[in-house]
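Novice: Dropping a structure here in structure tokens format, bear with me for questions.
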Amino acid sequence: MSKNKDQRTAKTLERTWDTLNHLLFISSCLYKLNLKSVAQITLSILAMIISTSLIIVAIIFIASANHKITSTTTIIQDATNQIKNTTPTYLTQNPQLGISPSNPSDITSLITTILDSTTPGVKSTLQSTTVGTKNTTTTQAQPNKPTTKQRQNKPPSKPNNDFHFEVFNFVPCSICSNNPTCWAICKRIPNKKPGKRTTTKPTKKPTPKTTKKGPKPQTTKSKEAPTTKPTEEPTINTTKTNIITTLLTSNTTRNPELTSQMETFHSTSSEGNPSPSQVSITSEYPSQPSSPPNTPR
């Protein structure tokens, strides 16, 4: 019933909280409008009432939460007190034992007797830890953990027999006179001394050295540039003689004086090569006497 009441009150408080918030928002919006003085006064009064009611609702929320917390703490305290007041279960299960919880030494002695009766030949030391409370004392018996140590392997004991002979590595037969057991054990010394063993060391095979031949340098012969000899210019003697003969044949009929000059010029052409300019001058000016050709010095 109490849970249902708490849920109802919580729901009502939430609803009132929401409605009051909405009313505050509406009143603030209306207050911003330019209304008459009476309306503004009423809105301000409503806002004050709503704000105070919101504060009251918040206080109720906090008080209800604190009440729930205190109720849970009281329940926990009651449970712990009940646990402390109750006696241990392992004492109440067997009423025939007649154990009084005030004597922990009697409890440990009885536990050891029970263990000895159930498992004979086994003795385990128990560590009794007494936990003291206000009215009762409980003992918790913890057996010792078995120590795991590696046992050393002992050599087997030799039987104490009188007729036990130890065979040595080497017994010379010269010691044995008439003892048959000695003759059975002894060893004869060889006359020849064992020669030294010849140890042959393995000869290492010579590794053939491979010499890598380097690439031969390629010698490229530089090709000589072809030397072109200057060609001698052909002599113009033949051309000059042909020109002179044509001029003579053409002008013999016209001027007899010019023929004599050309003959003299032809005779001197063998000694010195006249220039073509001189030939053209003589042909253009036939009346003037031709100058003698310049002889080379």
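Glycine is treated like the rest: Cβ placed from N, Cα and C.
Copying in the features that Swiss-Prot gives for the protein in this structure:
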COMPBIAS  129-150  compositional bias 'Low complexity'
COMPBIAS  191-215  compositional bias 'Basic residues'
COMPBIAS  233-253  compositional bias 'Low complexity'
COMPBIAS  254-288  compositional bias 'Polar residues'
DISULFID  CYS173-CYS186  disulfide bond
DISULFID  CYS176-CYS182  disulfide bond
CARBOHYD  THR72  O-linked glycosylation site
CARBOHYD  THR86  O-linked glycosylation site
CARBOHYD  THR92  O-linked glycosylation site
CARBOHYD  SER105  O-linked glycosylation site
CARBOHYD  THR138  O-linked glycosylation site
CARBOHYD  THR139  O-linked glycosylation site
CARBOHYD  THR219  O-linked glycosylation site
CARBOHYD  THR235  O-linked glycosylation site
CARBOHYD  THR253  O-linked glycosylation site
CARBOHYD  SER270  O-linked glycosylation site
CARBOHYD  THR282  O-linked glycosylation site
CARBOHYD  SER287  O-linked glycosylation site
REGION    187-198  region 'Binding to host heparan sulfate'
TOPO_DOM  1-37  topological domain 'Cytoplasmic'
TOPO_DOM  67-297  topological domain 'Extracellular'
TRANSMEM  38-66  transmembrane segment
Novice: Need one number: mean pLDDT over the topological domain 'Cytoplasmic' (1-37).
Specialist: 74
Novice: Please work out the number of neighbouring Cβ atoms within 10 Å of the Cβ of CYS176 (disulfide bond), leaving out its own Cβ.
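Specialist: There are 15 such Cβ atoms around CYS176 (disulfide bond).
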Novice: State the residues, same chain only, that lie 6 or more residues beyond the ends of the topological domain 'Cytoplasmic' (1-37) and have a CB under 8 A from a CB inside it; answer 'none' if no residue qualifies.
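Specialist: Sequence-remote neighbours of the topological domain 'Cytoplasmic' (1-37) are 43-44, 46-47, 50-51, 53-54, 57, 60-61, 64, 68.
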Novice: Can you break down the topological domain 'Cytoplasmic' (1-37) into helix, strand and coil residue counts using DSSP?
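Specialist: Reading the DSSP string over the topological domain 'Cytoplasmic' (1-37) gives 32 helix, 0 strand, 5 coil.
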Novice: Among the disulfide-bonded residues listed here, CYS173, CYS182, CYS186, whose Cβ has the fewest other Cβ atoms inside 10 Å?
Specialist: CYS173
Novice: Measure from the CA atom of CYS173 (disulfide bond) to the CA atom of CYS182 (disulfide bond) and give the result in Å, rounded to a whole number.
Specialist: 7
